[in-house]
Every structure is written in structure tokens, then in C-alpha cells.
Amino acid sequence: MNTIFQLCELAAYFLEALICYFFIQLFFPEKAKGKLSFFLLSGVLLLTLQLADSLHVYPFLVTLWFVFYICMTTVLIFHVDVFYAVSLVSFYILCVYIIDFFCISVMGVFLKNQQFAQMVIAQLSQWRLVYQAADKLLLTGAYFLARKAFRRELAYNPRMMFLTSGLGLCGVGFLSWLTIQETSLHALFGWSMCIILLFLIYFLLLFYSKYVGEQKQRIALEMKEQMIDREYGLMVRQQREQEELSHDMKNHLLVLSSMIGEGKMTEAQTYLERMGEPLRQLEMMVWTGNPVLDVLLNNARNSAAKKKIRFTIQADALTLGDMEDRETCSLFSNLLDNAVEAADRVEKGDRWITVKMRKAGDMVFIELSNSMTGRPSVKDNRLVTTKREGTGHGLGLKSAERVVERYGGSLVCEYGDGVFTVLVSFLEGLRDLS
């Protein structure tokens, strides 16, 4: 029977260590190198604890070793600062202690046994097995609840976490001493308050993470807008240079015509060769007749060509009503940049982008499709960026959607079978609704 008790004790330690690693992963989801390492490290910890038990090491030292081992392996696995690891592990230990003694208090009050805490802590028994099962079930449930709520990377302040854990462990230590002396309704009330405090911390983490995420997104949007402003300025300069080149070309043609008329064919050929670079700069295609949009399409086509992405444009002559040039740049540069970035991430297979722009009366339809790899991230039926710096598909589409909605249009995204498509439609023409 003692063997069964000892195996259950080891299983409880293993589960606590394993859940601790998964709990820490909530804060650093992209830094872990696979979940298998969690099981292996928990197994190694289990062997050391079994060795400590055979040597009759003092329980307090065993607990210290547990904390030290988890902290050091956290630093190695997640590549974080030691203080970060200590703050997270100490908070996890605080949660474990609260859940442990909450279960003890509930069972002690239910059984009307004021020495229940002493009984389950001091000796291996069937009641200790029942307590361990209930305790670990509650701990596992708490982890899955946290994982479900925090689907993205958690943000937290390590100093505040460490301070909260330190003060909490002091309070929990005193309350656990009282519970061991007498497992009563007063003890249960105290531990219930601790559970409520954990929920408050849980919601504070949730709101803090949301706040930090919104701040990062706001900064990323500002950077995106600054980038669009720079791109707009560049586009205006390119357009001005095109006009200057077109004007100069008229004079060049007059000079060439004069040389040919005078029979100076060699001089004319030399002059024409010198004009090669200006001629190449005038190779911009006119797709829609909208100068801003044509510059953006040509820039995107050139960028795609450099990345060996097939770029197809099918466009009608297009007017965008009262849409300002800056907003035209914001809308189409975001959509085109996203398409080029997504197609460029396709390592195998066809890399392509197709742009279709159609006009029927006042109605305008725009369809932009590109090859892609994997599936975009979706949260609350909205695309979210797949880049840690926050400048991926999600933010670009949000900027584009804001412009489309301002002019009474709709923007819809479709994806599947390695294809991502953005559909923009203005069924009643472009109307400034701002």
C-alpha cells in the first residue's frame, strides 16, 4: 500500500512541475522549443525528488530545490532573465499553496474534522489520496481556464508579480499555520478570500495584457501611417519627376528630329543611347488613369518582379471620386504591400498576385488575390497580425478598412486552398461619410 501512496505522491509532484512549465509558456508562447522538453524536465525533477525522499531530506529543502530547479530550467528553455523566471515561479507556487489549502479546508469542514490538515500533511493515507486527486484536478482546471482566457502572449510586470508573490506567500504561510492548527470554517473563509484574490489578479492580468496589446497596436498603426506618409511623399516626387521627364522628352525629340533631318545619323544614334536611362524611367504603365493608383500599382509590380512573384493586373479606367490622394495611398499601399509580403513567404509552388479593378456605372469593384502559405490568424472573426512587431496583415487591413468605410464601401477577406483574397466594393459609388 505504501508503494501506491509513494507513486501517487510522485505523480502529484510531476503534474505540479508540468503545469508550471505550461503556465510559464502562457507568457512566452514563441520561446519554448516544443512541449516534449516539459515532460522530460519534469521527469528529471521527479527522479531528484525521489532521491531526496530516500535520503530523508527536510521537506522545506525539497520545496526550495523544486523552486530552484524550475527557475533554472525556465531560464534555459525560454531564454528569459532569472528575475522573470523567479517572479513567475513564485507566483505559481503561491497559486499552488492557495489551491492546496483551499482543498484541505473544504474537505476538513465537510468531514467536520478540525485536525484534517495535520492528518493529510503528516501521513500517507487514503484521505490524502482523495485530497491529492481533488487538489490536482482543481489546479489543472485553473490552468486550462487561464489558457482559454489568455490565447495570446501575456504581458506582465515582473516586479509587481514578484512583490505580489512575496507578500502573498507571507500571508499564505501564516494562514496555512492557522489551518494546520485548526481546520475550521474560519480557515475555509480565509482560503476562499485567497481564491477570490487570485481571480482578481487573473482579471488584472487580462486587462493589463489587453492594455499593453492595444498600446503596441496603436504604436504599430502610427508607424504604419508614418510609413504611408513617406511612401506618399516618394510617390508625389516620382510623379513630379515623370512630368519633368515627359516635358524634357519633347525637347529631346525635337533635337533628334533636327539631327535626322540634317542627316547626322551617327550623332542621332549617340544622342539616343544617352537618353536610355530617362526612357527607362518613363516605362511606367498606365492602368487606371488615376496617377496615384498607377504609381502604386507599378511600384508593387516592380517589387514583385524583384522577388520573382508573377503580378497580373486587369483594370478599367477608374476614378475614385472625392477620395484624397493620401487615402488612396493608404488604402492601396496597405493591400498591395500585404499581398507582396504574403506571396513572398511562399517558398514552394506558384508565387503570384492578381489585381482586378472593375467599374460599372458608379459602382467600383476591386479584387486583390495572392498565393499564401498556412492560414491567417483570426480572433473574434477578425484577422490579426502574424508578426510579433505588429505590422502584418491584420494592421494593414484595419487601416484599409477604415478608408473603405469612410467612403461607404465594404471590405471582405476570403482565404483557403493557399489563396488569400480581399474584395473591396463601393456599390453606390464613393461617398465621403465622414
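Just so you know, glycine gets a Cβ as well, placed from its N, Cα and C.
Fair warning: this is a prediction, and the values are worked out from it, not measured in the lab.
Note on the domain 'Histidine kinase' (244-411): mean pLDDT across this stretch is 78. Annotation source TrEMBL lists domain 'Histidine kinase' at 244-411.
The transmembrane segment annotation in TrEMBL covers 7-28 (among others).
Same-chain residues lying 6 or more positions outside the transmembrane segment (34-52) and placing a CB less than 8 Å from one of its CB atoms are 10, 13-14, 17-18, 21-22, 25, 61-62, 65-66, 69-70, 73, 77. Taken from TrEMBL, the feature transmembrane segment covers 34-52 (among others).
TrEMBL lists 64-85 (among others) with the feature transmembrane segment.
With a cut-off of 8 Å between Cβ atoms, the residues of this chain six or more beyond the transmembrane segment (91-111) that come close are 16, 20, 23-24, 67, 70, 117, 120-121, 127, 130-131, 134-135, 138-139, 142, 161-162, 164-165, 168-169, 172, 175-176, 179, 183-185, 187-188, 190-192, 194-195, 198. Annotation comment: TrEMBL describes 91-111 (among others) as transmembrane segment.
Outside the transmembrane segment (160-180) by six or more residues, the chain places 83, 86-88, 90-91, 93-94, 97-98, 101, 104-105, 117-118, 121, 186-187, 190-191, 194, 197, 201 with a CB less than 8 A from a CB of the stretch. Marked as transmembrane segment by TrEMBL: 160-180 (among others).
Residues or ranges marked as transmembrane segment in TrEMBL: 186-208 (among others).
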